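What follows is a single structure, written as structure tokens, with notes after it.
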Amino acid sequence: MTTMAAAGLTDAEVAQRIAEGKTNDVPTRAARTVSEIVRANVFTRINAILGVLFVIVLSTGSVINGAFGLLIIANSAIGIIQEIRAKQTLDKLAIVGQAKPTVRRQSGTRAVLPSEVVLDDIIELGPGDQIVVDGEVVEETNLEVDESLLTGEADPIAKDAGDPVMSGSFVVAGSGAYRATKVGREAYAAKLAEEASKFTLVKSELRNGINKILQFITYLLVPAGLLTIYTQLFTTDAGWREAVLRMVGALVPMVPEGLVLMTSIAFAVGVVRLGRRQCLVNELPAIEGLARVDVVCADKTGTLTENGMRVSDLKSLTEGHVADVLAQLASDDARPNASMAAIAEAYQTPPGWSATATAPFKSATKWSGTSYGEHGNWVIGAPDVLLDPASPVAEEAERIGAQGLRVLLLGSSDRSVDAPDAPGVVTPAALVVLEQRIRPDAGDTLDYFASQHVSVKVISGDNAVSVGAVAGKLGLHGETMDARRLPEQPEKLAETLEECTTFGRVRPDQKRAMVHALQSRGHTVAMTGDGVNDVLALKDSDIGVAMGSGSSASRAVAQIVLLDNKFATLPYVVGEGRRVIGNIERVSNLFLTKTVYSVLLAILVGIGGLSAKIFGTDPLLFPFQPIHVTIAAWFTIGIPAFILSLAPNNERAKTGFVRRVMTAALPSGLVVGTATFVSYLVAYQGREATPVEQTQASTAALITLLASSLWVLAVVARPYQWWRVLLVACSMLAYVLIFSIPLAQELFMLDPTNMKVTSVALGIGLAGAALIEVLWWVQGRVLGEERRVWR
């Protein structure tokens, strides 16, 4: 149908609407600004703790003892760089949001930015044009609109004059114009985007667990700090500078500062690896989140199926050149729809006939055709329209269609296709059976999730039969339900979701309700989607996964964006998440062992200092300065932890992170702390000690600490592979070199020259290592865990 051209607004009318604020001001999408990203990564609990201690150390003038302050920069930089990179990528992807509509005004027809559209503007449409605001069609020529990003319905919808069009949809055929009736925040797509516009952080057990540990340590630092300050300043004869440095030396190792850094590095490396697979991660912990998911809600269109269809069968009903006819019809269609494009792909050798008349496809008539003179008049379309619905051929087509397939009838007509009463009498020639093009990797992806005990729910706006057919072909078995029959009550909805696998005719609000219902049953839910209709469900799910070709709103709220639109990338994301979770849990034992022995040492030294004040015994200096605890962490924790955090690890993700790591770290830390304190007491010469003797006592304590801590590393590195053994051996060798090189001894304030003291310290350290080994085997037996030394 063709309608008359509508006049556009005058310049005065446009100016008036701008003055009244009736413009298309699109809501800010759900993403943090650069300043918000910087604030979130700089002003953290651990940076605050380290920052205060760093300033205290600098006040003493000892720069070398402030080396731990570099961690403040590293902790912040990794998170900032990654999030800003993700933000920049998303901004570049927002092409749809920058589509330039063509408006018709008194001053002429011109392309403008979406934000420059005003209420009542006449906006022209052509194939592929984005509809940027809600409106009403005022003129059309065979206009068809794809609203799949809004409704999930894959089939294009014919639009006549007076019909509404919604922002977020686009033109697939024909041309026309519409009048803007709702702009800015009143538009449909903008309302969904605004409802989802508040930024929310992804849930992370690792992040939450580490924050709980840091919170506890923060509370612990106050009494421990006061005790250490008092004993070092008021019970010893050391000057304020020496006392302050040893106080900081007691407090710094209590903070598992490297754990936050190592977690960020492990996540960042995972992000880089996934980036090579065209997977954009908006937030670092999203990798962990997907590894913990036990239900994936997958949108059928664009996730399990590709855009387009394929010919799955051709049922010839008469003798003749059916393939030639199909090839010629497809070749002559200048703007083929999905069905004709599939036929063109299947039949690529047209006979070269000349067309004498054509009839384009219209949704209202549901057929198209071409007349070829002596070669006949050929039509193709819906069987129940071209034939009597009660005819055997139409009934056969209906039976095939009930399997979720699309069926077209190819037939010859007794009159030209441009005749007023066309198509006339149609003689059936063939049934063309089409099916949605299934992604070649979708089946393997679903098999992977099944093997990992992850349930997959297929959700779509298409009819339930079609959705169920696609799921069945992919080996996803289970009951199919039409979402129009879903119960409204959350409890009953949750029960239905547990029983059924595929859902058709799902509304956008139902997708969100389905996510909530699954979460109410304790499930960790991932949601995949690409349209505006998926935005709220993506936002409320535990992990939102958007397609790169989808709407800008869906990409903004999702934690993970698949830039190449491949559902098959998700198993790699799960694998990276498992690597991060398993390895961070492993290296957490190293960092928290240090926290435990540091707290124990501070308490024991504090008690010793109070005893000196009460009973008049020799005062007790804290054994270490900040540089000592810094080098102690280099090769017992820092570098080995970094290497271990990047190692392959495909263990299933489990909950209870804090409980498990503390169960391992607490006994090890107590052993290391006790052994170090005993070694220090043996070597300590009391009030009369010379500076050299005090340095030798500190060195002895450090040797004991290193010997026992290195065995903690040896235990954490199990089960051994050749490179893990080499890692532990190199760590041991590094400390041998540090203690052997005179320049290093002077720089790090070490003196191992008293062989008697050094030998005793080493012996105590080896005894601590032996006890740690025994505890590891005992813990395995008590917890019922298999202990393996070698892989």
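Using N, Cα and C of the backbone, Cβ positions are placed for all residues, glycine too.
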Swiss-Prot annotation, Mg(2+) site containing Asp299, Thr301 - matching residue among Asp509, Asp530, Asp540, Asp542: Asp530
Local Cβ density at Asp530 (Mg(2+) binding site) - other Cβ atoms counted within 10 Å: 27
Per Cβ pairs under 8 Å, the stretch of 53-73, 213-233, 627-647, 725-745, 757-777 packing most closely against the transmembrane segment (596-616): 213-233
Sequence-remote partners of the transmembrane segment (664-684) [C-beta within less than 8 Å, at least six residues beyond its ends]: 588-589, 592-601, 604-605, 618, 620, 623, 696-698, 700-701, 703-705, 708-709, 712, 715, 757, 760-761, 764-765, 767-768, 771-772, 775, 779
The one of Asp299, Thr301 whose CB sees the fewest other CB atoms within 10 Å, among these binding-site residues: Thr301
Residue numbers, six or more beyond the limits of the transmembrane segment (252-272), whose CB comes under 8 Å of its CB atoms: 44, 46, 49-50, 53, 68, 71, 74-75, 78-79, 81-82, 206-207, 210, 213-214, 217, 220-221, 224, 281, 284-285, 287-288, 576-577, 579-580, 583-584, 587-588, 591-592, 594-595, 597-599, 602, 624, 626, 629-630, 632-633, 637-638, 641-642, 645-646
Paired segments the transmembrane segment (53-73) and the transmembrane segment (697-717) in contact, 3+ CB pairs under 8 A: no
Cβ contacts under 8 Å made by the transmembrane segment (697-717) with residues that lie 6+ beyond its boundaries: 586-587, 589-590, 593-594, 597, 623-625, 628, 632, 635-637, 640, 644, 668, 671-672, 675-680, 682-685, 689, 724-725, 727-728, 731-732, 735, 739, 749-752, 754, 757-758, 760-762, 764-766, 768-769, 772-773, 776
